[in-house]
């Protein structure tokens, strides 16, 4: 279960466990025995789950290298990494010793930045944990008698009971002077977070500038021009305009055109060729070759037989029927007539071969057509310095014209969006942004009423026998009230990030890297607003109407948020402790097993029929920063918000475990197991920093609310300048540091190498085999198939992709009809 699902389920359980007396009083946990039992149960179960998953991975890793070492087997850049031993635990120190430089060279800047965030979080939480244990915990215990451990802290009364020896003692009298720790450590932790964040940012900027300044790829020398007026809509006029700025020479220009017809033909061809391959395979049969045990058990098949004979029989290009096979030639149903009400059965192989031949003719004719130009062009300069000067300058005195941006990698371009008009892209973008905002803000409106059905009082009305049984068995009651929300809402909350990803893909963005950054932003907003802020600020509402009243009051008066935060956070501490234990100890190790890929593999294997479909089974699982980064930021925000509360030491301890385990697991996945095709050159770091600033603001608001509730008005007002400083600093950070995370400084460019300064790199072909990791090495993806080649120039793949023949047993798909097949080699997974 993801963080989204587990957090939503647990939060709904908290709402369901609210007061049953119908009052609107705030809910407070008042059963120390239950809380202590839940904490121990959560810890034991999570530890058992995590250790089981980790041991299972250690056993299966050397056996299922096709899954757990998929990236290293198929990526040249990953092949430079050290070979991991096949022993049970021997791979752990080898992985730990891989340096940040090796991570950068193998997985790129995105992986380097992502793991740097874990390093920052570990450093920060370690410092907070030391302060919490050495100062904050003793202060809280001395003046309030609170340990910060669920079940140990006592309810209000004249005496307290020691959880260690059971002895009774007088309850400490609260001294208002101790409230200064909320003021002091709000400043200390905010300053510490900003200092460490700036320190890590400087390291990332220095690494990024050095790394990109020494690149000579086509991507680094290319800009994307948008808003091109009609009178400058040709290559020659654009070249004249750019070179007239006297910043450098133009190497090549690609003006985007309205290629919709051609793109649709290529997509249709891929569908037809797959149907043809299935028809042939159904007729002649195919079994995947047996491997040496490095794949999942379901891939253990008997070797093919008589492939050489079949290859000879299939080498002809006529439509003569091939006989001698046990299976009959398949048939396909063709509908015709008025309203397509009549049909007839015809030979499927003949039908799809004829359809493929006609589509190939249409494609050849479409490639020779002249298409209308759009307002977008990719301009490749002869030097990186020239391209950087263009993107960092205003090129035209007219607004919204000749606007230069950094270009994505050639294979990262979403070509179908390049021929959308600017108005169409803006309408799509703002419409989907409005839809996502509406869904995110009002998502909890759908969850809170359903949660009320899980209250014991409601169950007594609907299912009285079940309510009586649960009342008699508190452990089963706890499991049921936790499991039912999980069952009801986990699928819904897991589906939300995928819904946002689909919506982001329809916003009209030109590159997949921009889409992923958009997914990061949207998913964090959903997680932060719905699973933290709403359930914390309005978590005291009892029922649906109470929730609506709290929401209405918050919009009327902003101080309600600070007071509600302070009023709810301390009571929700057991929930967040359990959440951190579950995520860090229980669920994180399951990421190593790639349980989703393993669970889906049998269905994918059973549905595979053709050589192409079997080869696609071995492609590495895709890693998405859009799903991973928002969850980790939210965990850090929770730890920051609770950094001064009595339970700060416990929350920071399990947060520290979460980030330590997470860094290790993500390091393995990014380097060895999973593939990430979009490369945004580390541009996610400013987004991470801005969301950390949001966490600091929430922390400061909570401290203001805590002091205000304790009538320490003067001390709460002393935190207002810190609040203003954080807002100002986030603005200053964006103006000062973010440009260095987006552009390459001219001083950082290595002008002694080809393509760096005024020296033009040697001309290269349009396509060449990949060598190492750079932004030109992203594989071209046509019809869901990765091709083992890279584009060296900006050109729509539909214009140049070879029209291969069907990929049949015993015949290389590249030996097709000769339409440029020699320039390509289809990537086929090798079973080493």
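Heads up, the Cβ atoms here are built off N, Cα and C, so glycines get one too.
It is 152-171, from the ranges 132-151, 152-171, 172-191, that Swiss-Prot records as region 'Disordered'.
In terms of C-beta pairs under 8 Å, the stretch of 117-137, 587-608, 687-707 lying closest in packing to the transmembrane segment (623-645) is 687-707. Taking pairs at least six residues apart, the transmembrane segment (650-672) and the transmembrane segment (560-582) share three or more Cβ pairs below 8 Å and count as touching.
Contact between the transmembrane segment (39-59) and the transmembrane segment (687-707) is absent: fewer than three CB pairs lie under 8 Å, with pairs separated by 6 or more positions in sequence. By the Cβ criterion (under 8 Å, sequence separation of 6 or more), the transmembrane segment (713-733) is not in contact with the transmembrane segment (560-582), since fewer than 3 such pairs are found. Proximity of distant same-chain residues to the transmembrane segment (178-198), defined by a Cβ-Cβ separation under 8 Å and at least 6 residues beyond the stretch ends, is recorded for 120, 123-124, 127-128, 131, 135-136, 139-140, 142-144, 640, 643-644, 689, 692, 696, 699-700, 703, 706-707, 710, 712, 715, 718-719, 722, 726, 729, 737. Neighbour density for residue 214 (N-linked glycosylation site): within 10 A of its CB lie 15 other CB atoms from the protein chains shown.
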